[in-house]
């Protein structure tokens with residue numbers, strides 16, 4: 001859902017930089033583990049949950065998505081009716097439904113909780129997919145909301161942020177001590193802050209791999225959920241349509257994680273599994 005690259009990454013990166021500055025100003029260092037852990041958790045989880053709370057606003061602003069309040073045509077009436085039916089079947093509150101301009105076949109879901117979500121589709125999806133295929137895509141996004149993927153991603157990102165902040169400073173302190181020996185006064189030199197910055201980038205790379213692994217895992221679950229809501233054959237047909245029409249996404253990178261676009265990145269950094277793997281998983285499933 002909410003959830004790269006991922007919707008949180010840009011904000012979380014900024015928070016990591018801010019955390020580095022604040023901790024340096026406050027003199028927090030690896031020898032003060034309790035203080036370090038508290039500060040790391042505040043900044044680590046703070047960035048994720050700020051992103052989560054602002055996710056709908058950020059998504060609307062960055063994509064130009066227009067929420068349907070009063071349907072203007074049959075397509076919008078169908079969208080609202082389909083989402084309402086699927087939301088009821090999934091046991092969640094009715095999400096806001098929006099349409100954004102974009103030639104790609106794509107959709108995303110975001111929001112702070114299961115009962116306060118946003119589901120948006122591109123005009124490219126509406127123009128290039130049949131109603132059955134679009135219904136499956138909507139089911140996929142509703143499944144993201146029903147599965148609680150947004151809050152789970154926020155929690156995971158918070159843990160990863162905290163891990164990066166703490167480990168970078170602990171390892172940075174060890175390396176700095178080894179390089180400089182026992183510095184008089186026990187203070188940290190300029191090299192320490194350079195080392196910490198570099199380590200945050202390196203550990204952040206590994207953290208991204210973990211979050212991308214979770215993102216791929218949740219896509220399989222959302223596909224299964226979409227198949228349950230709309231039908232397995234419709235879900236397979238929607239993914240096959242994507243294979244035929246996979247163009248370059250115009251979604252911002254922080255939103256694309258919640259869409260259903262392909263990726264040219266290496267698999268470890270892909271937010272979505274390859275389409276052929278998703279189709280194979282659906283064919284092997286027992287969902288009707």
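Keep in mind that glycine also has a Cβ here, set from the backbone N, Cα and C atoms.
Model, not experiment: these values are computed from the prediction.
According to Swiss-Prot, the active site annotation covers 141. Here the Cβ of residue 141 (active site) has 28 other Cβ atoms within 10 Å, regardless of which shown protein chain they belong to. DSSP assigns residue 141 (active site) to a helical segment in the three-state reduction.
Among the features that Swiss-Prot reports, Zn(2+) binding site is placed at 140, 144, 219.
The feature transmembrane segment is assigned by Swiss-Prot to 5-25 (among others), with sequence analysis given as support.
According to Swiss-Prot, the feature transmembrane segment maps to 35-55 (among others).
Annotated transmembrane segment per Swiss-Prot: 155-175 (among others), in sequence order.
The feature transmembrane segment is assigned by Swiss-Prot to 194-214 (among others), with sequence analysis given as support.
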Cβ packing number for residue 140 (Zn(2+) binding site), 10 Å threshold: 28
